[in-house]
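Inspection log for the structure reproduced underneath, given as structure tokens.
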Amino acid sequence: MALAPQENERILDMCCAPGGKTSYIAQLMKNTGMILANDSNAERLRSVVGNLHRLGVTNAVVSNCDGRQFPKVLGGFDRVLLDAPCSGTGVISKDPAVKTNKDEKDILRCAHLQKELILSAIDSVNAASETGGYIVYCTCSIMVEENEWVVDYALKKRNVRLVATGLDFGKEGFTRFKDRRFHPSLKSTRRFYPHTHNMDGFFIAKFKKFSNAIPQAQKGNLVLQKPPQPALKKRRSLQAQRRPLKAGRPSPKMMRPQVPTKKKHRVKLNGQ
């Protein structure tokens, strides 16, 4: 529903298995255009092929590629749906083992993978598309590290902006969480909770790409750290010993205060 596919479009389902989303997209497109159903797990693609044949989908192409390398394989899509692999904290009611077999490292590992996938999904979309140029990012997780954190990262790295998802239910995404601050436009994202909406925990964000150019990191923001002061003084003193004295500059000996010396008296011998 958030992707809102149109007829005769080129759409990429980057993580398609087991095929429920792909078949529903084909239904909304009325078997026109082209859908590229991709998944990195070849074993799970068997269920995708079986569902597409069972439902009579004829406008889908199944591929087995790593989503992080996808722009190098094929690009220029009108819309991309990225249902990213996540920790699954939103489906604990179906799989209670998530409460015990996931820790903080697993969450951060999923977040790193999701950041790579969302940049790849954005690069696969053509910003000059007449009807599209949209990317939908969603997870079945309620963790901020896998949702708002990833979306805010994509806003900083690519020329995209968040738009309304078109869903009239769900709660707004977080713009601040503990000590983290996110872009104010994250209010347009949607969160779904099992205890509130009687469904699995879910998160949806919809991007609009407005330029195919990739912004470069600004080097002017780098702050150079100064060396410690004692080491700096020591280095300057060594350089001062090696450099010749300039003309008109008093030497260190001349700058020292002169101590008056006592005159020596000669002893006269034989009356001389």
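In case you wondered, yes, glycine gets a Cβ from its N, Cα and C as well.
Summarising the annotation, TrEMBL assigns domain 'SAM-dependent MTase RsmB/NOP-type' to 1-210. Residues or ranges marked as S-adenosyl-L-methionine binding site in TrEMBL: C15, C16, A17, P18, G19, G20, K21, D39, D66, D83. Marked as active site, nucleophile by TrEMBL: C140. Per TrEMBL, the feature region 'Disordered' maps to 227-272. The compositional bias 'Basic residues' annotation in TrEMBL covers 261-272.
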Practice problem: Provide, as an integer number of angstrom, the distance between the C-alpha atoms of the residue listed as 'active site, nucleophile' and C15 (S-adenosyl-L-methionine binding site). | Solution: 13
Quiz item: So which of the recorded positions is most packed in, judged by how many other Cβ atoms lie within 10 Å of its Cβ, out of C15, A17, G19, D66, C140?
Solution: G19
Quiz item: Record lists C15, C16, A17, P18, G19, G20, K21, D39, D66, D83 as binding S-adenosyl-L-methionine; longest Cα-Cα distance in Å?
Solution: 20
Self-check item: List of residues, in chain order, with Cβ under 8 A from that of K21 (S-adenosyl-L-methionine binding site) and at least 6 apart
Solution: D13, L81, D83
